[in-house]
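Annotated features, as they stand in TrEMBL:
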TRANSMEM  A:50-72  transmembrane segment
TRANSMEM  A:79-100  transmembrane segment
TRANSMEM  A:106-125  transmembrane segment
TRANSMEM  A:137-159  transmembrane segment
TRANSMEM  A:179-200  transmembrane segment
TRANSMEM  A:227-253  transmembrane segment
TRANSMEM  A:268-286  transmembrane segment
TRANSMEM  A:298-315  transmembrane segment
Amino acid sequence: MTEKLWVTSLTVCLILLLSAWHLSQGSADIDWLAVTELQRTIIWDIRLPRWLLAVVNGIALGLSGAALQLLLRNPLAEPGLIGVSSMSALFTVTVLYFGWAAASSWFLPLLALVGGLSGLLLVVLMAGRTYDIHRVILAGVAVSSLAAAAMGLILYLAPNPFAFQEWSLWTLGSLANRSWPQLYLVLPVVVVGIALLAFWRQLLTALTLSENTVASMGFKLVSQRNGILLAVATMVSGSVVSVGIIGFIGLLAPHTVRLLGVQHPQKVLWYSAPAGALLLLAMDILTRLISGPRELPIGIVSALVGAPLLIALLFRQQHARKLTG
Amino acid sequence: MSLKLTDVSLSGIARDRLHEINLALTKPGLVGVIGANGAGKSSLLKVIAGLEKVAHGEVVVGGKRLSDLNSKQRAALLSYLPQNEQAQWDITVTELLAIGLLQHSLGKQQRAQRLQKWLNYCDLTGLAERRLSTLSGGERQRAFLARALISEPQLLLCDEPTAALDIQHQLQTLKLLKEQSRAGRLVVCSLHDLSLAARYCDRLILIEEGKLLATGAPASVLTDTNLARAFSVSAEWFCHSSGVAWIPQPLSEGD
């Protein structure tokens, strides 16, 4: 069986299996052979949008993680690294905190997108006109820390005791209590992000080789790097505004693909989309399985599962380095 | 294919990395750039490849000023293989060669034919589906060289293509570069082994502390005076029907 057929068959089977499991989960029992009007409403307004949100956000995070790992030539890169999600969350929390969200239904998503893109702008300005991936990483860490500090300050000064709840809602991520409006927010933004990524995708393959080689091959490194960062920032901002910050999916999706023996950058990139969707569906199923009456934020579950996996990856990388000398 | 450098200088921290280099290569051939460590060999190749912005002077490749060309036009003329090239991801030999065609608009059939041609030419057909991590150092270098050649450039720039290779693979690599120069390309490569440089290169460029010390046929460049000045060694040369060899000695006091 060819690699493509084997990976596609496995992905389709797993998506069908996990989707069926995901859609059947919930407090209400559903008789799928004789659906009542109430059950139809539960499926249509609660379960289906939640399933779609998991799939779309998983795709966005999987693609973003893979694109960043390929761009930064670092297998431990993930969307949180470039400061976009933190800035997007900061703007979201600020809007909610000051009660500006009531002004217009588009105000919150628009400002979250502006937050994410301004985070990207800061990173790009700090990285400068030279192509130095270490500067991008350091700039991303600086912007993330700045956004986290600003969020902490807002909470510290908050007269409202419920401010912390709002903060945790966005920084720990959740698929609960979401419906079609959140899906309408994230879907177009993710589609734009995917289109941008497809446009600049070849740089990611070329970056298998050294930066000097890639520049000599006719690639405009700085502008194309910024284009890919824009694609990632767009997708991550869309994801944060719909479900908050969900960590580790972007890190784990490309590694799951590589564990199947896939190494070519383009394949790792595009296979990371279904891998991200599968991982987020699995995390959401797990979240609901282990939650009591009050549902845990999915970000906590993904960190609980993802952090040990990250440690395992670090040890694996160290072991591989020892073997190759 | 011609290459002309006029008064080319490249700024550095303590001194110019290249200082007023004037050079004219008008015919295809294998040209070796030699010099001590830090003399400016890699900087010279990067300047010709358009990877370093010169502080002064101009580089003309194939009659066109490098500064007037955009990145794609430049890539259509020349190809560059840096020293110790590494692949970040463990792809196959065919996938590596295909990277060399990313910026070229070829049809599916033409692309496949081009891949097959260079796999055959670089003796990589049997390794086509092997991952790079499973190849020996010599095989891997051949694959990287094939990646640089697949775009069929008029000017090929290689920074120490024989570094870290055993002698058999050094000879194979230089033979391949020589064949390319005979096929009408201008091949400029930096080399450390002066015996191999004398044997394979049609012309040598000797650099000392960023300045052009000598250029011409190997016999006219590898003189006692030049070797003493550029490498601080004296040399005893041995001639054989298949080439020349030398035994270097450190300069004694008073030399």
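Even glycines carry a Cβ here, placed using N, Cα and C.
TrEMBL entries are annotated by machine, without manual review.
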* Closest-packing stretch to the transmembrane segment (A:268-286), where packing means Cβ pairs under 8 Å, from A:106-125, A:137-159, A:179-200, A:227-253, A:298-315 -> A:227-253
* Asked: So what's near the transmembrane segment (A:227-253) in sequence-distant terms, Cβ-Cβ under 8 Å and 6+ beyond its ends?
  -> 53, 57-58, 60-68, 71, 76-80, 82, 84-86, 88-89, 92, 108-109, 112-113, 115-117, 119-120, 123-124, 136, 169-175, 178, 182-183, 185-186, 189-190, 192-194, 196-197, 199-200, 203-204, 272-273, 275-276, 279-280, 283, 297-299, 302-303, 305-307, 309-310
* Asked: Counting only pairs 6 or more apart in sequence, are there at least 3 Cβ pairs under 8 Å between the transmembrane segment (A:179-200) and the transmembrane segment (A:50-72)?
  -> yes
* **Result, the transmembrane segment (A:137-159) in contact with the transmembrane segment (A:79-100) (3+ CB pairs under 8 Å)** => yes
